[in-house]
Amino acid sequence: MKIFTTKQIAAIDQFTIQQEPIASIDLMERAALQIANWLIHHLSNERKIIFFAGPGNNGGDALAVARIMAEHDFICEVFLVDFGKPLQAEPAENWHRLKEQGKVKLGRIESQESIPAVPDDAVVVDGLFGSGLSRKLDGLPLQIAAALNASRALVVAIDIPSGLFGEDNSNNDLGAVIQADYTLTLQFPKLSFFFPEHEALLGRWEVLPIGLHPSVISETETPFHFLTAEEISDKIPVRKKFSHKGTYGHALLIAGSYGKVGAALLASKACLRSGVGLLTAHIPHSAYQIIQTAVPEAMCSIDASDLMFTEFSDLQQFSAVGAGPGLGVKPNTRKALLRLLEASPAKLVLDADALNILAMHPEWLPLLPENSILTPHPKEFERLVGPSGDSYSGLQSQLAFSQKYKVIVVLKGAHTRITSPDGRVFFNTTGNPGMATAGSGDVLTGIVLGLLAQDFEPLDAARVAVYAHGLAGDLATVQCDELSLIASDIIENLGEAFFQIRK
Ligand SMILES: NC(=O)C1=CN([C@@H]2O[C@H](COP(=O)(O)OP(=O)(O)OC[C@H]3O[C@@H](n4cnc5c(N)ncnc54)[C@H](O)[C@@H]3O)[C@@H](O)[C@H]2O)[C@@H](O)CC1
Ligand SMILES: Nc1ncnc2c1ncn2[C@@H]1O[C@H](COP(=O)(O)OP(=O)(O)O)[C@@H](O)[C@H]1O
Ligand SMILES: [K+]
């Protein structure tokens, strides 16, 4: 699904108004009904709701929601923030309608002295600013945000917490932004919702559809997307009746060193659970019995070294190569990785220590075959590209890296993001903090490798693997608390995850 900039969303709003056609006041009412509906289903009408409405359409939404909630017998109080400027047309109309209705106590905030005290048990609806925010908060809005952030009331933000920009917050003062417990965003999530430093400002966020025009949505181009099962389900091939293991590729996994054999084991199992026809695990000699016993489905290629990766033989027979989990970064392993890069496997996924070695030898980066997949966690990514400040700047560096080296970068975390050499970005929507546990990255490498070996386009392999890995992690928490989740549980649930994606 597409993620649009706030500018694009405003244009899509306008197009909808003209083409549907619908009057802007009615579109606002549609948005307000969605928000009110959510509030009615989530709040008790014994809690007072205090609305803070700004001068624009975000304020207009808040005023319309207050009127609807009052019709449903909620106790509402509205404060219009008065900047001394006349209200825009739709908020003015909604202010008028509220006055006419006469069920809601109305007030104005003109100065710091008129900011009301908010009781701890109240609910605040934040309609100060939405996607029309033009500069970081200062003056009266800043004082209101500070007062709300100091209160213990539950805060529900309309569209976006006031003070947060939809995209670039690298020059914003995040301490000044209203901290919402819930953000009810209209039609599309904003780019900034996918960045970890905004979690405490957004709380839990939900997207409420307001029926913006489908044709303009499909025609408006954007590099930003989030992953959904619908968009990747057709990438998973149906297995043909007369197919055989040769049909589904032969993967080579180079993983494990003395003390880190588990990484090879987890990646091997995950690879096999992802549909690959054949898997060869290249492992140090000391790992042989462990792997053969724990993963009898895998073949083994044994390194001359008892302890680590130092050599490999002909790559011809393999349809994809994966390297990195548990390899270590000893000099002989580094040399072997250089030879692997020089051998230029057609399909390659690199993780963990393979990336750490690349960070030690950035001069090898140009050797990466085109469309290789790199799966760093944030620390590995930082070692590769250096520190990059906030997430928005980090996204720019990730994109620049993908484009410069023509590789796919999978930056792992909550909302893992995938960048491709053509400049597209995909945020994942599956997964949970239970997956922040040893070995879950190794599992992802195994899945990517399994899909690559089956001839998935590299970008599809990355997208399907990331989504399925997160979904398997989510399924693992159905019967098990996130706290207890271990990487093997993700593998256990991969079958169900693929099943659900295919549906
Ligand atoms: N355009 C539409 O048809 C729809 C828009 N909707 C709502 O409209 C919002 C966007 O509305 P607007 O574009 O009117 O923008 P906003 O309501 O977000 O804010 C714009 C107003 O705030 C002022 N402003 C912005 N930043 C400020 C700052 N830091 N300090 C002081 N004043 C500041 C601007 O001068 C302008 O008056 C969305 O977030 C959404 O809530 C919904 O009603 C759905 C339909
Ligand atoms: N809070 C989280 N929410 C969702 N997914 C997460 C979270 N934390 C970690 N993960 C996922 O778990 C995996 C962790 O990978 P990584 O850090 O490489 O682990 P390891 O090196 O132990 O194998 C990644 O795929 C990441 O996206
Ligand atoms: K808001």
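Cβ coordinates come from backbone N, Cα and C, glycine included.
Take the CB of GLY60 ((6S)-NADPHX binding site) and look out to 10 A: across all protein chains shown you find 30 other CB atoms. DSSP assigns GLY60 ((6S)-NADPHX binding site) to a helical segment in the three-state reduction. The (6S)-NADPHX binding site annotation in TrEMBL covers 57-61, 130-136, ASP159, ALA263, GLY326, HIS377, ASP442.
Around the Cβ of ASN58 (K(+) binding site), the number of neighbouring Cβ atoms within 10 Å comes to 25. Residues annotated as K(+) binding site in TrEMBL: ASN58, ASP126, SER162.
Long-range Cβ neighbours of GLY413 (AMP binding site) (same chain, at least 6 residues apart, Cβ-Cβ under 8 Å): PRO196, HIS377, PRO378. The AMP binding site annotation in TrEMBL covers LYS412, GLY413, ALA414, HIS415, THR416, GLY441.
The domain 'YjeF N-terminal' feature in TrEMBL is assigned to 9-218. When averaged over the domain 'YjeF N-terminal' (9-218), pLDDT in the model lands at 97.
What TrEMBL records for 228-501 is domain 'YjeF C-terminal'.
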Integer Cα-Cα distance in angstrom, HIS415 (AMP binding site) to ASN57 ((6S)-NADPHX binding site): 30
CB-centroid shell, 8 A cutoff, K(+) site ASN58, ASP126, SER162, site residues removed: PHE52, GLY54, GLY59, ALA62, GLY127, LEU128, PHE129, GLY130, ALA157, ILE158, ASP159, ILE160, PRO161, GLY163, ILE178
ASP126 (K(+) binding site): tally of other CB atoms within 10 A of its CB: 30
Neighbour tally for ASP159 ((6S)-NADPHX binding site), based on other Cβ positions within 10 Å of its Cβ: 26
Rounded inter-Cα distance in Å - ASN58 (K(+) binding site), ASP159 ((6S)-NADPHX binding site): 8
